[in-house]
Amino acid sequence: MRPFQLDLLFLCFFLFSQELGLQKRGCCLVLGYMAKDKFRRMNEGQVYSFSQQPQDQVVVSGQPVTLLCAIPEYDGFVLWIKDGLALGVGRDLSSYPQYLVVGNHLSGEHHLKILRAELQDDAVYECQAIQAAIRSRPARLTVLVPPDDPIILGGPVISLRAGDPLNLTCHADNAKPAASIIWLRKGEVINGATYSKTLLRDGKRESIVSTLFISPGDVENGQSIVCRATNKAIPGGKETSVTIDIQHPPLVNLSVEPQPVLEDNIVTFHCSAKANPAVTQYRWAKRGHIIKEASGELYRTTVDYTYFSEPVSCEVTNALGSTNLSRTVDVYFGPRMTSEPQSLLVDLGSDAVFSCAWIGNPSLTIVWMKRGSGVVLSNEKTLTLKSVRQEDAGKYVCRAVVPRVGAGEREVTLTVNGPPIISSTQTQHALHGEKGQIKCFIRSTPPPDRIAWSWKENVLESGTSGRYTVETVNTEEGVISTLTISNIVRADFQTIYNCTAWNSFGSDTEIIRLKEQGSEMKSGAGLEAESVPMAVIIGVAVGAGVAFLVLMATIVAFCCARSQRNLKGVVSAKNDIRVEIVHKEPSSGREAEDHTTIKQLMMDRGEFQQDSVLKQLEVLKEEEKEFQNLKDPTNGYYSVNTFKEHHSTPTISLSSCQPDLRPTGKQRVPTGMSFTNIYSTLSGQGRLYDYGQRFVLGMGSSSIELCEREFQRGSLSDSSSFLDTQCDSSVSSSGKQDGYVQFDKASKASASSSHHSQSSSQNSDPSRPLQRRMQTHV
């Protein structure tokens, strides 16, 4: 070997000695000397080679590892080099206690053993034989470092508010190589995680972070989620887990027992709740008002009808919030009014709408009826009356019925603005010689403007006139006008009294007769005193009397018929009633008396009985027709002429009948007088009224004015009443166009000597035209 090579070798040992911290120069010199001597001996022809060289190895941190180095028959020094630096000479590696040179030295084995591999052992190693001047190939020792235990941020229990998504972060640090992280739930891998790696300062280790997002629908309370980190150092990996704690406000269930329940019975409310975190408070309320006596899960109370519509609420509170739940109770109760119906005031012909609202449980039925009637008008909350009439006025009832529970009703009043309605008794009674009263009851909305009593030629509205006094009293039902007559005489029982009321909608009239009370009472008492046999006897006697009268009437009629055929100047009629119409000067006192007698006779004979009037009208028509067709049977003794009378009677005037606004079916009786003169008299006293007048039959004139009428034949109980109908024009006896027979003075004188009835004018004005007089012969 060349000398410079030896110098280089000595220099290496010097440097090595400094690396080992050898400070004694003498030691190095001795080593150098020894090596030089040994080298000389080895260089004398001996050749050495490696039988074993170090190989690349991978070791997990903390595990032992051995790097092989064997040189057969070499007993010199062996030097182990780590990343270019000598670890020590020979077997002395005291500076690295984790390193040992092992093997049989005599056999040339110089293995390097690392007792516990660490990250700093990760390097390139060489084995060198100094005296033999050989070195091994470099060997790579790779040290694997497992990751630290993975950590899930926020673990081991992660609290999550219900409805929020879950974000988990797991990191595994200080791994070589970098760890791999997977997420597991119930043993299954959860995909969708994201990763990030970070290289540490040593340039060998790495840290990894994984983030997992889970939607709210995939998260369950109490679920465990695992983070597992693995690398080559730990194939089984390391893992950690977290438990999901889903927190939520209370979940409340409110129950009521028993249901359904009758009113005034006890029920129990049970408020059960699940909450995370735990419940801290219960609060009960009804219709927003706190129930102070209830504070726990249960609330017992006695229910009434309000619990059906006003719910009871239970509010449960925990750290996250409150939950409120309400329940009504299926309470059975009778009808309760929620909207009161209102009484109405409407005009005639308008619509009336009533409304009432009820509640009840179970479902109720509503019925509208008019008080006193069994007719159901409506089953709805609303009752509508179209085009109301006066007879629609009255009390209406809204009735509600809850089956098997109860019923209720409300009453309202319908008031109809219209003409007055008089509903007095048409026949009233009084005692002869005593004070008597005739009452006229008037229903009127609006109240009557005027009430007047009229009889004969008298009209009285209020106050006293002679024996007569009028008083008017207002009551809740209507107005009562009373005509009081003092010291009643017989003529008062033969007088027709007229009560008339007016308001802005029209008028109404009632005809009232006064009957003697004593005679009827005596007659009634006599009948009651009679026994049954006496009644039988009277019946037989009456029957016999009637039969006798019928027989006599037949004989008389037969005889009269024979005798009348011989009379001159008389025309025969079908009903054996002869009518003579003559002209006569008025103003006779006797005629006035006769006229009064006729009126009295007509009243005494049934108060204008319908049958008699009908017969007289028919006879008049038939006789007038026959008069027109007859020839003069007296050969000129009587002058038969037709004429036209253009002058109407001034004392009685019938205006065209106007439509009657009064309720139909009301019966009327002729008043026996003209209101034209009455109201003319009233107007002279400064009272201005413009009321349409309707009159039935005038009896204060020599003419009989007849308005076309329809007799109500079904109401025979009151023979003096008949129904007013429309009249197109004024009709009087002087306005007829039929022919009449005019008798001369002689014939009138002879005719007046026979049995007849006369009618004269109320007025005795001699300037008035001749009036015709109706004479009836039987």
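Heads up, the Cβ atoms here are built off N, Cα and C, so glycines get one too.
Note that the structure is a prediction, hence the values are computed from the model and not measured.
Per Swiss-Prot, the feature compositional bias 'Polar residues' maps to 727-736. Swiss-Prot lists 48-142 with the feature domain 'Ig-like C2-type 1'. The domain 'Ig-like C2-type 2' annotation in Swiss-Prot covers 147-243. Taken from Swiss-Prot, the feature N-linked glycosylation site applies to N167, N253, N324, N498. What Swiss-Prot records for 727-778 is region 'Disordered'. The topological domain 'Cytoplasmic' annotation in Swiss-Prot covers 557-778 and rests on sequence analysis.
Counting other C-beta atoms within 10 Å of each candidate's C-beta, the glycosylation sites N253, N324, N498 are led by N498. Classification of N167 (N-linked glycosylation site) by DSSP places it within a strand. Other Cβ atoms within 10 Å of the Cβ of N167 (N-linked glycosylation site) number 13 in total over all chains. Taken together, the residues of the topological domain 'Cytoplasmic' (557-778) have an average pLDDT of 39. Broken down with DSSP, the domain 'Ig-like C2-type 2' (147-243) shows 3 helix, 59 strand, 35 coil. For N324 (N-linked glycosylation site), the nearest of the glycosylation sites by C-alpha distance turns out to be N253; the candidates were N167, N253, N498. Residue counts for the domain 'Ig-like C2-type 1' (48-142) under DSSP, split into helix (H, G, I), strand (E, B) and coil, are 3 helix, 41 strand, 51 coil.
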